[in-house]
Amino acid sequence: MILRILSVTVFVIVVISQTWADSSDSYYGDSYHLSDKHLKCEEITIPMCRGIGYNLTSYPNDFSHDSQDEAGMEVHQFWPLVEIKCSADLKFFLCSMYTPICIAEYPKPVPACRGVCERARDGCAPIMQQYNFEWPERFNCDNLPLPNNPDNLCMEKPSHLDDDESHTTQSSATRPTKKVKCTKKNQKNCAGSPVETNARECDCTCRNPLIPLGPKDHWYNHSVAVIKNTIQDVKNCKLPCKSPFFTHEEQEFAGLWIALWSGLCVISTLMTLTTFLIDTERFKYPERPIVFLSMCYFMVATGYLMRIFIGHEHIACDGTGVNAAIKYSSVGRNPCTLVFLLIYFFGMSSSIWWVVLAFTWFLAAGLKWGNEAIAKHSTYFHLAAWLIPTVQSVLVLLKPGVDGDPVAGICYVGNTSTENLKNFVLVPLFICLAIGTTFLMAGFVSLFRIRSVIKQQGGIGAGSKADKLEKLMIRIGIFSVLYTVPAVMIIGCHMYEVTYHDEWMAGLACPCAAKKGYKTMPLYSVLMLKYFMALAVGITSGVWIWSGKTLDSWKRFWKRCFGGGSASAQPIATNEALLKGNRAPFPQPYAGSTVSHHPQHASTTATSLLATPYGQTMGSVASNSHHHLQHHVLTKQVTNLSHV
């Protein structure tokens, strides 16, 4: 009842007020003087008026609409009255006015018969009167001809048609292809008591706001791997360009929401990348993958921002006007494919760079590898981070699995296919998160062990040294949380989509879906959370460079560019030369090397190295024993990480 009241309210406010303003215009006042017009017949494409007993119309109609796009915008405003079924003749009557039948051999207009109008008026006028509105004058039934008049032909509604499109036989685009039988396993699909459900059936049809495909459509009766040309097993049916689940205001807010976080992500990642270019030597392994991770999110944010400059419809949709439908497949060179590559390729690459980051931290903290030892394997890191997403992207394009997002106005994979969403998005994200978290936890265990050794040893300055290590662990931990939490949230949002996607489609195609517990529309907040979390890591990637050293790097860069650079840069270069001159070469860890595992050795080395400045530590390496060398490499990594 509430839905009916709301539907009628929408009708009253949006439709009746418009038609009442034009009440002085009689719809059929001049309809019998159009025999001299030579109108070209065209196929009906307005979704609500397909399958009503005829499929050809002509324009302009008697409402002065010059195209179906224009007529469709107005006739679809009557959908609330059609939906509440106030009259079984209403839809046929409305379509006969807005999409008048076109008969090439009979040039005169053929309106609906007076009885059709009267039945529609008698059924719907009482509901309108509840809101103090009368049947519009432009729908005056007295202007329509009576049946069996050879001078003025008229149309009666075919007997095999009813108000619901579930029994339409004239158009395959609206013919029901699946009946949901009510059994004990799916009682929630149908209305009625449990006793009645075995005898009840629910017809799923391509009804408004879904868009039926015509014979001239590229996907008509052409099965494709992405969607198999079905929605809830209803053939030749597509989703509209913009999400049918949300209002215009919600769609506009979604665009602003995505633009806001995309802009912040671009700014944050650009700062990180610029700082890296200014002071490249500062970003050594194991923290250098943060730079490439930031670069990936810069490209992802750019993909989201392209929607602002190119437009929702040009990226994610096919067609224009009321027939604009979401893209189900994108191949070749077009904005949709470009946006997909920016968001998907670099998004998957960022996940792999996260694994590389966790792995290099594990090598430094757990296996005591130095910067140079890790850097020697950087080629393999880049190979994995760029090659794997390339293979994934090519597979999606070959499937083809690129489709439009009706909410965000972008192109991705899995928006219309839960199978693609699981295979190309959920599984890779889960694998990367699991592997990266494993390496991360192993590295933390090693750092905790070093901290315990330092505290157990005691002595002068032991507490201060432990505090330094704790600060480093906290810093690494914060950055790890800033990635893992958004990653977990994104996986959760995608699992939510996979779980309920079919129910949402059933809510659009099957009138009985909402009556017994189906979730007929997604939660708006969940989708907004998904888009935010997809960009959150890029926004927070700059946390690693938020330090005084970043300001120093920018100051030196400013002086080099705008004066005073040569004078200030000389001491820095001299100091670096001195450090390089005092730095003795030392072997890197290698398989089979002998490492002391005595706590006394470990604690003594860790304590002395944490208290030693970076340059002195590097200069004293040659004097340490081979046992102390391994712990020195670890402490050097801790020192480097804590100073980034």
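Cβ coordinates come from backbone N, Cα and C, glycine included.
Where the annotation comes from TrEMBL, it is an automatic prediction and has not been curated.
Cross-referencing CYS41, CYS49, CYS124 with TrEMBL gives CYS124 as the cysteine bonded to CYS86, criterion being a recorded disulfide.
Here the candidates are CYS95, CYS102, and TrEMBL names CYS95 as the disulfide partner of CYS49. Among CYS102, CYS141, CYS154, the cysteine that TrEMBL records as disulfide-bonded to CYS117 is CYS141. Among CYS113, CYS182, CYS190, the one TrEMBL lists as the disulfide partner of CYS154 is CYS113. Checking CYS41, CYS182 against TrEMBL, the residue bonded to CYS102 by a disulphide is CYS41. The closest partner of CYS86 (disulfide bond) among the disulfide-bonded residues, by CA position, is CYS117; the full candidate set was CYS95, CYS102, CYS113, CYS117. Listed by sequence, the residues of this chain that lie at least six past the ends of the transmembrane segment (290-310) yet keep a Cβ under 8 A from its Cβ atoms are 255, 258-259, 262-263, 265-266, 268-270, 272-273, 276, 283, 335, 338-343, 346-347, 349-350, 353-354, 357, 385, 408-410, 479, 531, 534-535, 537-538, 541-542, 544. Cα spacing between CYS113 (disulfide bond) and CYS95 (disulfide bond): 13 Å, rounded to the nearest whole number. Of the two recorded stretches, the transmembrane segment (425-448) lies close to the transmembrane segment (338-367), with three or more CB pairs under 8 Å once pairs fewer than 6 apart in sequence are set aside. Spacing of CYS41 (disulfide bond) relative to CYS49 (disulfide bond) is 15 Å (Cα to Cα, whole number). Packing against the transmembrane segment (523-546) from elsewhere in the chain are residues 246, 250, 254, 257-258, 261-262, 264-265, 268-269, 271-272, 275, 287, 290, 293-294, 297-298, 300-301, 304, 347, 350, 407-408, 475, 478-479, 482-483, 486-487, 489-490, 493-494, 496, 644: each is 6 or more residues past its ends and has a CB under 8 Å from a CB in it.
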